[in-house]
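The feature region 'Disordered' is assigned by Swiss-Prot to 60-101, 184-203. Feature annotation from Swiss-Prot assigns compositional bias 'Basic residues' to 61-72. If you look up Swiss-Prot, you'll see 73-101 marked as compositional bias 'Basic and acidic residues'. What Swiss-Prot lists as domain 'tr-type G' is 370-537. Annotation source Swiss-Prot lists GTP binding site at 379-386, 425-429, 479-482, citing sequence analysis. The annotation region 'G1' is assigned in Swiss-Prot to 379-386 on the grounds of similarity to another entry. Swiss-Prot lists 404-408 with the feature region 'G2', giving similarity to another entry as the kind of evidence. Per Swiss-Prot, the feature region 'G3' maps to 425-428; the stated evidence is similarity to another entry. Residues or ranges marked as region 'G4' by Swiss-Prot: 479-482.
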Amino acid sequence: MAKIRIHEIAKELGYDSKEIIEKANELGLGIKTASNAVEPEIAAAIYEYIQTREIPEAFKKNIKTPTAKKPKKENIKEQEKLNESEKKEPKKEEKLKQEVKKEELKVEKENVKEEEKQEIIDAHKPQSLASATLAKRRGLVIVKKKKDEEEIQVKKEEVKNSNDISINNEERLSLKTMFSNADESLKKKKKEKKSFVASKKESTEKMNFLDEHDFGDISLDDEDEVVLPDFSVKEQEKPQNINKKQPNFIRQAVGNSAGFGLEGGIQRRSRKKPPKKIEKKEVEEVSSVAISKEIRVYEFADKIGKSTSEVISKLFMLGMMTTKNDFLDEDAIEILAAEFGIEINIINEADEFDYVKDYEEETDEKDLVTRAPVITIMGHVDHGKTSLLDYIRKSRVASGEAGGITQHVGAYMVEKNGRKITFIDTPGHEAFTAMRARGASITDIVIIVVAADDGVKPQTKEAINHAKAAGVPIIIAINKMDKEAANPDMVKTQLAEMEIMPVEWGGSYEFVGVSAKTGMGIEDLLEIVLLQADILELKANPKSFAKASIIESSVQKGRGAVATIIVQNGTLTVGSTVVAGEAYGKVRAMSDDQGKALKEIKPGECGVIVGLSEVADAGEILIAVKTDKEAREYANKRHEYNRQKELSKSTKVSIDELGAKIKEGNLKALPVILKADVQGSLEALKASLEKLRNDEIKVNIIHSGVGGITQSDIELASASENSIVLGFNIRPTGEVKERAKDKGVEIKTYNVIYNLLDDVKALLGGMMSPIISEEQLGQAEIRQVINVPKIGQIAGCMVTEGVINRGAKIRLIRDGVVVYEGNVSSLKRFKDDAKEVAKGYECGVGIEGCDDMRVGDYIESYKEVEEQASL
């Protein structure tokens, strides 16, 4: 089993690590630091010692304490001699014991006789002992003749004088023989039952055992010797010299209702089915307890020793409606702890599989060497970040990206003056915020690229904030200095407003004017980078286990899951066993950014590895471990934790949230299956699509993954109504296309992220309810009202504005207030029907269902126009 560290024991018990180290050293363990690991058995002993304050038996030999060892050894030797002699010559043993214990027996005989008298009196008055015997222990009384008194007293004295409480093997064998003889004698005896009364002249031997043991009817072959139950009340002694483990072959007698001395008094219990021991559970008041961050109500109640209903009622009194399966947040846990008067220690269950925390970096200075600096290039979209890196690498990466914008995180190695520099190129598009944050967190120096003709833009500000949050040095590269519209002073002024002050203005930030097109200032930029790296004194230990960051991951045909990494400490070699989040495996192959095979990747260098069990999440920390088993355990624990966390989301809502939940259920959703070429792009797309929503519509990503579109994706889409499959930088195969056509599933692929987002916006707009607006057609004044039999009222009007159309919607307005809305039922010009009447003409207007028209009212005509909604 895996060893347990001291700090883990301290965290579980809620103690400081120093206290645990002190307690461990009290047990004789040589613990020096909290990171020392011990075996699980030793950890359990430390735990027991701290909880009970009693030194475990296994550690007593390590502690030097004054003990009376000499008398114990003498007693043991004497006992062994007596047992051996008892086997060979029982009669000689009795005489020997009588001589050794002669003086002690005299005193003991008197005590035994007094006890015998008391027992006989108690036997005649069993009803007076009913209440007392419940709290006291019971035993056996062996009634024998006087000839065996000395032998009995010798045995009794041996038990009393012995420091060892447990019964030795020889005594157990003799007792077994005695009880087996008793069984045989019972078979020989007649069926009629007799009651026995102990004589005053008989001596006794009492054997007391724990209450859990049952005693059957016991008698010996000798007719003059009978075993009776001892119902005498004894003063309860302190359980200092009582052995917890008693012989299993002796059971406590369970008599029937007749009682001792009456007909049918004591019965034998079947030996085939021994009675189950009933453990008496004592409810202990919990004063302090360790609680995990994510705990359900019933789990919390179990931890603090309260009933679930009690906890739920307490929460109800605090204004929280919960069920037993609901999760408690930290605030609720602290409030409940205060209510119940319990001290809590909130722990994080994720620490159990935090392999990064368990990773110990070697700090031996003799093994530390200077490593390559890691530089991240950040800035606004289309400001020339990738073009600048292309000039440094003498390559053309930007031209190969769709739309001329970077949509992947790339890691590249460059040599300058015999020294290696690792560059990370991040996207500038607003959708790739997570990628920029990830790049800033694993870098040593950040280069912010700003176009001289464009100035500071939103993503420029965001990149600066990421760099400041990461606490890394910033170098400003003013690009496109070869353009006529270049204005570096404008850039410096804008950045100065953000507290990025140039060195020449008295600040601490280096500004370098460069041109990715002509190469101007590139050498100066690299010199400043190396100078800054020297100031930082970047060092790492290449001899330790490797620790790396995954900046991108994907699935490649024929290779499986691949990951782009930057090693931060140690050296990663081919064949190393690694774990990264839920992914683990053995490194089968490694290559650099140009595809050249590598055998090892040193600290500060980047590369691509193959061999992970699945696509690791971008941003995960990759650690090399000793064995495959250890890696698998870490990954499986993380997977199970994430799965349980996802499945056990709380369903409780407050009254304020209830309306929002109902409204959420009424939202229209666009089901989408999303596939991308790399993990980083998939993450950016998911974040962008989830933002495309309003009070009426949203995007529901039913499945997402890295890799090509498969037939299972088509099957899932066909099972979901009105769903579409979106692919980014991937193309479906012929079989998948045919399958999609048969199932009626639409597949859309893109290679530019904003094209995908624009199309999804258009789809969402089509699903939204159209925007209805009114268009005013005209207005007419009622100058006469005519009542026509069987038809109703007809208004004689003069059109004052626009036109009045037959069938148009109208409003009847009186004193500026709308009194009726309806449609034009009839429209006539003199006696002829008309489709419309223009301004300045008289007409007769009939309004459907309206019989309350008056002279001086106005009729307003309008029509409703529907417009397509957009997100």
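Glycine too: its Cβ is placed from the backbone N, Cα and C atoms.
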Cβ neighbour count (within 10 Å, all chains shown) around Asp382 (GTP binding site): 19
Helix-strand-coil residue split for the region 'G1' (379-386), DSSP-based: 2 helix, 1 strand, 5 coil
Met481 (GTP binding site): tally of other CB atoms within 10 A of its CB: 21
Average model confidence [pLDDT] within the region 'G2' (404-408): 47
Neighbour count (Cβ, 10 Å) for Thr426 (GTP binding site): 28
Other CB atoms within 10 A, centred on Gly379 (GTP binding site): 28
Helix, strand and coil residues within the region 'G4' (479-482) as assigned by DSSP: 0 helix, 1 strand, 3 coil
For Thr426 (GTP binding site), the three-state class that DSSP assigns: coil
